[in-house]
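Asks: Okay, handing you the structure first.
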Amino acid sequence: MSKVTQIAHPLILHKLTLIRDKNTGAKDFRELVEEVAMLMAYEVTRDFNLKEVEIETPICKTKSKVLAGKKVAIVPILRAGLGMVDGILKLIPAAKVGHIGLYRDEKTLTPVEYFCKLPQDIGEREIIVTDPMLATGGSAADAIALLKKRGAKYIRLVCLVAAPEGIKVVMDAHPDVDIYVASIDEKLDESGYIVPGLGDAGDRLFGTK
């Protein structure tokens, strides 16, 4: 069964408040989303495997630990998920980056795929899917299904804010995928937006309407 982890660190909550504020401009919004993604990465990677190695410090030889598990691929759901990639890459610079393009049909609210480019060894990697908002859950569930179709086995989803409805959709569709969020918000409104949410993350990241 999938696990939902809410990462309620004071720095994350402070920055999330600034992200939510409608008066925060695109430049600050981009920087804040990147910073929160980087902070969340500490918890997202908490269960990564380690191995012991021998090194030599300026003082003596000693044993220490390094990452030993699978290599990582970050897969943003376009376009808003792009805003979280650089923050995670700062901590895992060797990670590969795939892209999945989905947009939401404004009438049906269902996701439509328009782009998919993934590392060839996607099945051997730990996959971190990024999307600032988990609203209806349709895009995330479809993106994860597409990853599995391409061979991915080890997937975790990272979002800034999530609606309970979206969490349930992803958990029901993919009980093997853990979800990490900075905030679980109240609900979805009639238009499928998260309340209180942060508006349209893609538009706010890139200054579009």
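The backbone N, Cα and C atoms fix where each Cβ goes, glycine too.
Straight from Swiss-Prot, here's the annotation block:
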| type | residues | note |
| --- | --- | --- |
| BINDING | Arg79, Arg104, Asp131, Pro132, Met133, Leu134, Ala135, Thr136, Gly137, Gly138, Ser139, Asp200 | 5-phospho-alpha-D-ribose 1-diphosphate binding site |
| BINDING | Ile194, Gly199, Asp200, Ala201 | uracil binding site |
Asks: By Cβ count within 10 Å, point out the most packed of the binding-site residues listed: Gly137, Gly199.
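Replies: When each Cβ's neighbours within 10 Å are tallied, Gly137 tops the list.
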Asks: What other residues of the same chain, not counting Ile194, Gly199, Asp200, Ala201, have a CB atom within 8 A of the CB centroid of the uracil site?
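Replies: Here the nearby residues are Ala80, Pro132, Met133, Tyr193, Gly197, Leu198, Gly202, Asp203, Arg204.
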Asks: Under a three-state reading of DSSP, tell me whether Asp131 (5-phospho-alpha-D-ribose 1-diphosphate binding site) is helix, strand or coil.
Replies: coil
Asks: For Ala201 (uracil binding site), what residues in its own chain, 6 or more apart in sequence, show a Cβ-Cβ distance under 8 Å?
Replies: Val33, Ala80, Gly83, Pro132, Met133, Leu160
Asks: Where among the binding-site residues Arg79, Met133, Ala135, Ile194, Asp200 do you find the Cβ with the fewest other Cβ atoms within 10 Å?
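Replies: So among Arg79, Met133, Ala135, Ile194, Asp200, the binding-site residues given, the one with the fewest Cβ atoms within 10 Å is Asp200.
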Asks: Secondary structure at Ser139 (5-phospho-alpha-D-ribose 1-diphosphate binding site) (DSSP, helix/strand/coil)?
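Replies: Reduced to three states, the DSSP call for Ser139 (5-phospho-alpha-D-ribose 1-diphosphate binding site) is helix.
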Asks: What is the Cβ neighbour count of Asp131 (5-phospho-alpha-D-ribose 1-diphosphate binding site) at a 10 Å cut-off, with all protein chains included?
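Replies: Excluding its own Cβ, Asp131 (5-phospho-alpha-D-ribose 1-diphosphate binding site) sees 28 Cβ atoms within 10 Å.
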Asks: Rank aside, I only need the closest one: which of the binding-site residues Arg79, Asp131, Ala135, Gly137, Ser139 has its C-alpha nearest to that of Ile194 (uracil binding site)?
Replies: Ala135
